[in-house]
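A quick write-up on the structure given underneath.
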């Protein structure tokens, strides 16, 4: 049996080599610029391991989100989406949780703590985000999200999201591009 000091040394070495990565340590957009991330985004694509998502993905539709600065250095993420033929608006408080581009929030469904990382963005067209739940007794909740500045992301962006989601272990049937719904997505250019 390994001594406690050799066990810690082994874990430290694995962490240094990048073998043990947490969502916050997973790749982040280099030199993330929070001010360029602000503004309107559309949730254009999703992938998740959630049983709820897999059951409901055929009835989900695109939502509009507004990212605004919060006093604590994080973001207020206000999303408007269609639910039961009504537009519903909800706001999440994204709190800084590490280097720029890494945030945490409390799920409105169950109160669990989640970490979201902006993995890649060009700020003008798309952003790829990865969300994961903290330690829990069951399987970790994971989600990949494609944000786009327009309601119709191009083929290259869609392909980039598909590759991004698959690289995080999501299968083809766990990836969905959300259809537009005219009711809640006014453009306001």
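Backbone N, Cα and C atoms are what each Cβ position is placed from, and that goes for glycine too.
Swiss-Prot lists 1-24 with the feature signal peptide, giving similarity to another entry as the kind of evidence.
According to Swiss-Prot, the feature pyrrolidone carboxylic acid maps to 25, an assignment based on similarity to another entry.
For residue 49 (N-linked glycosylation site), the same-chain residues that are 6 or more apart in sequence and have a Cβ closer than 8 Å to its Cβ are 139, 141, 142, 143, 169, 170, 174. Per Swiss-Prot, N-linked glycosylation site is recorded for 49 (among others), and the stated evidence type is similarity to another entry.
Annotated active site, nucleophile per Swiss-Prot: 63, in sequence order, evidence recorded as similarity to another entry. DSSP assigns residue 63 (active site, nucleophile) to a strand segment in the three-state reduction. In sequence order, 42, 43, 79, 80, 81, 82, 178, 184, 185 are the residues near residue 63 (active site, nucleophile), counting only same-chain partners six or more apart with C-beta under 8 A.
For 76 (among others), the entry in Swiss-Prot reads N-linked glycosylation site. There are 14 other CB atoms within 10 A of the CB of residue 76 (N-linked glycosylation site), with all protein chains counted.
Annotation source Swiss-Prot lists disulfide bond at 87-184, citing similarity to another entry. The C-beta environment of residue 87 (disulfide bond), restricted to residues of the same chain at least 6 apart in sequence and closer than 8 Å, consists of 80, 81, 183, 184. When secondary structure is read from DSSP and collapsed to three states, residue 87 (disulfide bond) falls in the strand class.
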